[in-house]
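Notes for the one structure printed next.
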Amino acid sequence: MANRRVGFCLSDEKKKRMNLSTFAEFCRLRGTEVVEIDLSQPMESQGPFDVIVHKLSDVIVEAEHDSQSRTLLSNFQEYVSAHSHTVLLDPLPAMTQLLDRFASYRIMNKLQKSLRDWGICSPPYLEINTGDPSAIREAVERKRLSYPLICKTRVAHGSGSHEMSLIFSAKGLGDAGPPCVLQSFVNHGAVLHKVFVVGEAHFTVERPSLRNFALGPCDRETIFFNSHEVSKPESCSHLTALDENTPRLPPPSQEVMVAMVKELRRELGMALFGVDVIVNIQTRALTIIDINIFPGYEGVPQFFSSLLSHIESVLEHRETASLLPSPMVP
Ligand SMILES: Nc1ncnc2c1ncn2[C@@H]1O[C@H](COP(=O)(O)OP(=O)(O)OP(=O)(O)O)[C@@H](O)[C@H]1O
Ligand SMILES: [Mg+2]
């Protein structure tokens, strides 16, 4: 069997979290060599690669203000453009847009139109670029956003990006620090469904989530929280505790999940991503609240085998495509 070489370009933290060395051994036993790419060294001497899997989120965000990161990123891009035979998982522009909540919420809004027949939606939201509470108030009223509102930073990557707040009335709008998005809060019985996609396959795990709140404006102080205290497997917070009388909703139907994942894959052009969905307790609509790049796949024991299968299938496609006659040039 031909030995395939797959380069992984990940931060040390991500390598540890995904257990890259165990995955490398898993691949080695199946005829695929995993190579850890060191971005600070010339890519040429580390190649050739059949596939490169990467999560360059840190570098992309840092490149905005740091010239060293900009150089690393452009060396990487140059290598990829010069080696069209190497398959990149996933394309850089597709990933970059998900690091910006303004861009990712526009995608969710667009998907909502193509998925309306499946009853899939995403909560109404506003892009906030001003710190002027009266301007924000006007925009909230114009858009008819319902309270409570959840406020999320525009940047979707890095430690600060998980600092959020719940705003209960116009009085709290001064707590929305721009640039950010304000999104209507949807009661969902404190259950988050994390959908993890690997190529054609997807897996769903349940996580704790924010509890229900009374709908409509109320005289309550803004609640500031970190989303990682809420929706990690080990999260346990007073914000996620439901009272015992709250009925549990049935999980979303597989058919609807399949339709959503298929449409997202087509729209994003990505293979490794996650979608966070909740079920609206009033309307039962499957509601998309977040799309994540190359997520942790925690609670998905099939992750290694699915990732290797996806890499193999991508390469099979590449080989079949190279056997086809090239299009005629007039
Ligand atoms: N519109 C909403 N209505 C109700 N709850 C919400 C809404 N948006 C977010 N949440 C809650 O807040 C949590 C964090 O939101 P979100 O997934 O957008 O943040 P994140 O920090 O980007 O997440 P991740 O860790 O997946 O990157 C969700 O897991 C969910 O519990
Ligand atoms: Mg999330």
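The backbone N, Cα and C atoms fix where each Cβ goes, and this holds for glycine too.
Note: TrEMBL annotation is automatic and uncurated.
Residues annotated as 1D-myo-inositol 1,3,4-trisphosphate binding site in TrEMBL: K14, K55, H162, N292, G296. In the three-state DSSP assignment, the secondary structure recorded for H162 (1D-myo-inositol 1,3,4-trisphosphate binding site) is helix. Long-range Cβ neighbours of H162 (1D-myo-inositol 1,3,4-trisphosphate binding site) (same chain, at least 6 residues apart, Cβ-Cβ under 8 Å): N226, S227, H228.
Under the heading ATP binding site, TrEMBL lists R101, K152, 183-194, S209. A sphere of 10 angstroms centred on the C-beta of V191 (ATP binding site) encloses 17 other C-beta atoms. When secondary structure is read from DSSP and collapsed to three states, V191 (ATP binding site) falls in the strand class.
Annotation comment: TrEMBL describes D276, D290 as Mg(2+) 1 binding site. Secondary structure at D290 (Mg(2+) 1 binding site), as computed by DSSP, is strand.
Feature annotation from TrEMBL assigns Mg(2+) 2 binding site to D290, N292. All protein chains shown were included, and the count of other CB atoms within 10 Å of the CB of N292 (1D-myo-inositol 1,3,4-trisphosphate binding site) stands at 20.
The domain 'ATP-grasp' annotation in TrEMBL covers 112-322.
Proximity of the binding-site residues (F185, N187, H193) to ligand 1: a Cβ under 6 Å from the molecule is found for F185. For the pair K14 (1D-myo-inositol 1,3,4-trisphosphate binding site) and D276 (Mg(2+) 1 binding site), the Cα-Cα distance reads 20 Å. The local packing around K14 (1D-myo-inositol 1,3,4-trisphosphate binding site), expressed as other Cβ atoms within 10 Å of its Cβ over all shown chains, amounts to 17.
The Cβ of Q183 (ATP binding site) has 22 neighbouring Cβ atoms from other residues within 10 Å, across all protein chains displayed.
The secondary structure of K55 (1D-myo-inositol 1,3,4-trisphosphate binding site), as reduced to three states from DSSP, is coil rather than helix or strand.
Classification of F185 (ATP binding site) by DSSP places it in coil, neither helical nor stranded.
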